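**Student:** One structure coming up, written as structure tokens, with questions to follow.
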């Protein structure tokens with residue numbers, strides 16, 4: 001079938017709006033009509049050429065919502081007409097990782113997904129007879145996409161797709177990191193480095209967890225109003241100080257902050273976040289994705305004296321079983337999604353959405369099909 005899509009033909013170049021061909025779903029696959037998709041920093045990261053798994057030409061997009069159109073052989077968990085959110089972190093329930101109960105990092109389709117292919121090692125997308133790669137198992141920058149069954153969460157059909165599409169990545173990642181990875185407790189102190197969608201979601205999650213002091217940190221003070229709305233008690237612009245941000249935080253509490261979250265992908269900030277964590281028990285959670293080949297460093301004594309360095313992917317959330325409940329929470333108002341959507345646009349305007357992101361003028365732009 002034909003589908004309008006925003007295709008990245010090469011790194012560092014604007015997306016091109018073209019009509020592509022989408023092949024029918026094969027065994028274990030599902031064809032979806034995407035209704036809405038967020039434009040995420042991860043899409044921009046891959047488009048920049050810095051992503052070690054980036055392949056081109058590719059249909060980007062991984063933060064979407066849509067409706068099932070057709071199912072392939074053997075698909076039983078969804079049917080045509082079901083409302084779904086595609087998952088870049090699949091959940092088969094059968095692999096060693098899923099059976100362990102210790103992680104949300106399923107490996108059922110990970111190997112082929114990282115190569116931009118469907119589980120059988122081929123692609124369902126083509127343009128003028130030439131294959132196009134998939135992206136993170138989702139490719140929501142196409143009006144129609146094909147996704148593995150294990151990479152779909154079935155959701156309440158009454159949910160507002162313009163808002164709940166954000167649960168496909170950024171908001172779930174931030175809120176989940178608070179509850180599942182850090183396990184923030186009432187009264188704990190929290191510092192959030194970077195106030196994009198993920199960082200703001202961490203702030204909201206910290207408020208849900210009844211954290212005591214919630215410190216929001218960003219060099220763009222325009223982010224502070226929304227951070228306070230979500231629950232920040234303090235907002236800090238590192239550029240306002242003539243000393244490292246670590247020292248600013250240690251002035252607040254000389255022993256450090258209970259939980260710090262790096263939501264940028266800057267290895268220097270990752271170190272600062274760890275070294276701002278509380279001596280004896282503080283933990284720092286890395287959420288941001290650093291560029292290809294970059295490494296983190298610190299003095300081992302930082303860990304010897306009780307600090308813990310952790311990472312979090314998709315907030316530790318198991319998408320197929322847990323994401324539908326988060327959609328219900330959003331519908332009840334327990335998760336506030338609307339403020340994240342600062343702009344809505346058509347697919348034809350998608351490059352403007354990337355410009356707004358790079359200029360720091362948006363939190364999330366949602367594309368409506």
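Placed from the backbone N, Cα and C atoms, the Cβ positions cover glycine too.
Note that this is a predicted model, so its numbers are computed, not measured.
These came from Swiss-Prot, pasted as-is:
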type: BINDING; residues: 40, 62, 169; note: Zn(2+) 1 binding site
type: BINDING; residues: 92, 95, 98, 106; note: Zn(2+) 2 binding site
**Student:** Tell me, how many other CB atoms lie within 10 A of the CB of residue 106 (Zn(2+) 2 binding site), whichever protein chain they belong to?
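**Tutor:** A count of 23.
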**Student:** In sequence order, which same-chain residues at least six apart have a C-beta under 8 angstroms from residue 92 (Zn(2+) 2 binding site)?
**Tutor:** 98, 106, 108, 109, 150
**Student:** In the same chain, which residues outside the set 92, 95, 98, 106 have their CB within 8 A of the centroid of the CB atoms that define the Zn(2+) 2 site?
**Tutor:** 90, 91, 93, 94, 96, 97, 99, 107, 108, 150
**Student:** In the structure shown, which of the binding-site residues 40, 169 has the fewest Cβ neighbours within 10 Å?
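**Tutor:** Among the binding-site residues 40, 169, the lowest count of other Cβ atoms within 10 Å belongs to 40.
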**Student:** Name the residue among the binding-site residues 95, 98 whose Cβ has the smallest number of other Cβ atoms within 10 Å.
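**Tutor:** Ranked by other Cβ atoms within 10 Å, the binding-site residues 95, 98 bottom out at 95.
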**Student:** Between residue 169 (Zn(2+) 1 binding site) and residue 95 (Zn(2+) 2 binding site), how many Å separate their Cα atoms?
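**Tutor:** Spelling it out, the Cα of residue 169 (Zn(2+) 1 binding site) and the Cα of residue 95 (Zn(2+) 2 binding site) are 23 Å apart.
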**Student:** Would you mind checking how many other C-beta atoms are within 10 angstroms of the C-beta on residue 62 (Zn(2+) 1 binding site)?
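**Tutor:** There are 23 of them.
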**Student:** Hey, for the Zn(2+) 1 site built from 40, 62, 169, who else sits with CB inside 8 A of the CB center?
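**Tutor:** Surrounding the site, in chain order, are 38, 42, 43, 61, 63, 88, 136, 138, 168, 170.
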**Student:** Could you say whether, by DSSP, residue 62 (Zn(2+) 1 binding site) belongs to a helix, a strand or a coil region?
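**Tutor:** Note: residue 62 (Zn(2+) 1 binding site) is coil by DSSP, not helix or strand.
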**Student:** Taking only the Cα atoms, work out how far residue 40 (Zn(2+) 1 binding site) lies from residue 95 (Zn(2+) 2 binding site), in Å, as a whole number.
**Tutor:** 29
